[in-house]
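The active site, proton acceptor annotation in TrEMBL covers D35. The substrate binding site feature in TrEMBL is assigned to D11, I12, N25, G33, V34, D35, S122, T123, G124, A125, Y126. Feature annotation from TrEMBL assigns domain 'Macro' to 1-174.
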Amino acid sequence: MSERMSVIQGDITRVEVDVIVNAANSSLMGGGGVDGAIHRAAGPALLAACQVIRQHQGECAPGHAVITEAGNIPVKAVIHAVGPVWHGGEKNEAELLEQTYRNSLDLAAANSYRTIAFPAISTGAYGYPKELAAKIAVDTVYRYIGLRPLPEQVVFVCFDDENTHIYEQLLAQL
Ligand code: ADP
């Protein structure tokens, strides 16, 4: 068990960290699931910030991430990370999901944020099998922080019982 990684069950908009990660879609214009919850909690300033980024760089491709203010959510920033849609596993999904986590961690570190919370990216509407996605999330974060001082703490925020159980098992094995 790495002391720098933990899992909690709940709503990511209520976690006390420096930065939370949103499982966004390529449009960056909001959506359902955790994306909807984050935009509702943040208020219209978040969508406005995403629109500015959209105007400058267009859509955000799977594997990539951008950072904005957090509106009314009491964290310093939101990282909007676009995970891959699951197409059966032969479309580079694993590499793209790993990239999504790495790029999010890079953004947090570049902004000197010490604590970050991730949802289980791609495991809702995007259909990524939960066990496989969790293994990539945990392994990628573990390798990343093993080489770097930041972020100091990574919290996996699981919404459902199944993901919570999977993450607990994986973290216990580290
Ligand atoms: P994706 O399109 O990347 O699959 P979803 O938002 O559909 O994104 O689902 C990603 C994960 O986020 C799912 O496991 C879902 O249960 C979870 N989730 C939904 N709402 C919240 C929330 N408020 N906080 C944390 N996780 C959430």
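Each Cβ is built from the backbone N, Cα and C atoms, and glycine gets one as well.
In TrEMBL, annotation is done automatically, which means it is predicted and not curated.
What TrEMBL annotates, mapped onto the structure for a quick look.
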residue : record                 : Cβ contacts under 8 Å, 6 or more apart
D11     : substrate binding site : A37, V157, F159
N25     : substrate binding site : G31, D35, V82
V34     : substrate binding site : I12, N22, A23, P119, G124, F159
S122    : substrate binding site : A23, G83, P84, V85, W86, E93, L97, T100, Y128, A133
Y126    : substrate binding site : A23, G83, P84, V85, W86
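Residue environment of G124 (substrate binding site) contains 20 other Cβ atoms, counted within 10 Å of its Cβ in all protein chains. Counting every protein chain shown, 20 other Cβ atoms lie within 10 Å of the Cβ of D35 (active site, proton acceptor).
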